[in-house]
Amino acid sequence: MTRISGVSLRRVLDSRGNPTVEADVLTVSGGFGRATAPSGASTGEHEAIELPPNEAIAAARKHAVPRLVETVHAGNQREVDAALRGADGTEEFSEIGANSAVAISMAAAKAGADVLGAPLYQHLGGAFRGDQFPVPLGNVVGGGEHAADATHIQEFLAAPVGAPSVAEAAFANAAVHETVGDLLTERGIPAAKGDEGAWAPAIDDSEAFEIVAAACDQVAEEVGFDISFGLDIAASELWDGDAYQYGETSRSPEEQIDYVAELVHEYDLAYVEDPLEENDYEGFAALTERVGSEALICGDDLFVTNTERLQQGIEQGAGNSILIKPNQIGTLSLAVDAIETATRNGFTPVISHRSGETEDTTIAHLAVATGAPFIKTGTVGGERTAKLNELIRIAEDAV
Ligand SMILES: C=C(OP(=O)(O)O)C(=O)O
Ligand SMILES: [Mg+2]
């Protein structure tokens with residue numbers, strides 16, 4: 001029986017040292033699931049609402065827990081997530097907080113899997129899942145909202161598209177990260193790490209392109225498979241209402257499209273996330289028209305894992321890929337809806353961590369459960385390797 005017998009909520013630390021919501025879900029037959037909400041720094045304005053954890057916990061205890069306990073089945077994810085939506089009563093989870101909602105939603109999924117004795121990816125994806133693994137996009141240099149005085153572009157990503165296994169892909173990304181560190185040292189450039197463990201040197205974007213391209217090439221040669229290059233520009237953070245501000249350089253929307261199209265060609269980019277600000281569907285469409293056959297043009301802040309916003313993107317040809325962050329929308333069911341809508345319409349889903357993370361591994365299972373071709377997890381740091389190591393275990397059937 002997966003009927004929920006108890007839900008407990010607490011504040012725990014995330015990777016930035018901020019409090020976040022953790023949920024435990026228990027079932028009448030002794031099933032147990034625990035999950036923790038991540039938290040963004042470069043958040044989209046259309047995301048579901050993250051409340052201060054104390055408030056989110058108090059509101060969820062009052063409104064959601066009584067609806068779940070003794071009534072809802074942890075093994076029925078749609079039922080769990082509908083109860084969370086009903087308890088909240090708003091479109092954007094502003095009553096109980098998307099942080100409480102997503103923690104409970106993910107913990108219930110784990111409790112459901114526990115009762116079944118099945119790995120989470122199989123509970124979420126079905127008996128025939130588990131043979132398709134995502135390519136991990138590894139953040140190796142970063143700045144923007146994730147590190148002060150570093151690059152303007154938020155993330156320079158290694159994309160080991162030719163890796164024969166998820167384990168080899170994860171190790172290749174770590175090698176690119178290490179090589180970037182060596183190249184920075186050779187140039188006498190000191191670098192701390194940003195929120196996601198990427199190097200955060202005080203260099204121009206152009207120098208970062210040079211270094212990351214060299215590191216990807218060097219490691220590709222060593223490992224013997226292709227390592228492409230990707231970006232999360234996080235352009236909403238550069239947008240001032242009129243133009244994109246890269247320090248001294250300002251680019252109009254048209255110039256931004258030209259700039260990104262040139263980057264795609266110059267660096268053979270496989271992936272570009274948020275090349276334009278979060279409401280510019282037309283700009284996304286224009287860029288997709290130009291380079292969409294060469295690179296994934298992915299909407300993060302544009303779509304915020306929201307099926308309605310994605311639907312508009314599909315209609316307008318704005319992008320060809322969607323970033324999936326369950327806490328942007330509040331429940332696993334809504335995240336899966338977005339993934340399925342994307343896949344049906346030829347948009348590539350990319351499952352993603354947040355800059356504020358925990359040791360929670362749900363997104364690794366979600367990627368395998370849905371057969372998503374890519375996952376963005378970072379490269380080094382315990383909260384990032386937690387997801388990569390879980391993928392390695394799933395591939396070995398050792399979860
Ligand atoms: C992971 C990201 O950062 P954050 O969690 O800060 O939104 C992102 O922008 O893709
Ligand atoms: Mg992003």
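Just so you know, glycine gets a Cβ as well, placed from its N, Cα and C.
TrEMBL annotations:
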{"type": "DOMAIN", "residues": "4-124", "note": "domain 'Enolase N-terminal'"}
{"type": "DOMAIN", "residues": "130-398", "note": "domain 'Enolase C-terminal TIM barrel'"}
{"type": "BINDING", "residues": "HIS146, GLU155, GLU273, ASP300, SER352, HIS353, ARG354, SER355, LYS376", "note": "substrate binding site"}
{"type": "BINDING", "residues": "GLN154, LYS325, ARG354, SER355, LYS376", "note": "(2R)-2-phosphoglycerate binding site"}
{"type": "ACT_SITE", "residues": "GLU196", "note": "active site, proton donor"}
{"type": "BINDING", "residues": "ASP232, GLU273, ASP300", "note": "Mg(2+) binding site"}
{"type": "ACT_SITE", "residues": "LYS325", "note": "active site, proton acceptor"}
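Features as recorded by TrEMBL, highlighted on the structure.
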residue	record	contacts (Cβ under 8 Å, 6+ apart)
HIS146	substrate binding site	ALA41, SER42, GLN154, GLU155, GLY194, ASP195, GLU196, ALA198, ALA200, SER355
ASP232	Mg(2+) binding site	ASN139, ILE153, GLN154, GLU155, LEU157, GLU273, ASP274, ASP300, LYS376
LYS325	(2R)-2-phosphoglycerate binding site	PRO38, GLY40, ASP300, VAL304, THR305, ALA335, SER352, HIS353, ARG354
For GLU273 (substrate binding site): DSSP state (helix, strand, coil): strand
Close-lying binding-site residues around ligand 2 among ASP232, GLU273, LYS376, where CB distance stays under 6 Å: ASP232, GLU273
For LYS325 ((2R)-2-phosphoglycerate binding site), the three-state class that DSSP assigns: coil
Annotated binding-site residues ASP232, LYS325, ARG354, filtered by Cβ under 6 Å to ligand 1: ASP232, ARG354
DSSP-derived helix, strand and coil totals, residue by residue, for the domain 'Enolase N-terminal' (4-124): 51 helix, 26 strand, 44 coil
For the Mg(2+) site built from ASP232, GLU273, ASP300, further residues of that chain with CB within 8 A of the site's CB center: GLN154, GLU155, LEU231, ILE233, ALA234, VAL272, ASP274, CYS298, GLY299, ASP301, LEU323, SER352, LYS376
Helix, strand or coil at GLU196 (active site, proton donor) [DSSP, three-state]: coil
Per-region confidence, the domain 'Enolase N-terminal' (4-124) (mean pLDDT, whole number): 98
Coarse DSSP state, helix versus strand versus coil, of ASP300 (Mg(2+) binding site): coil
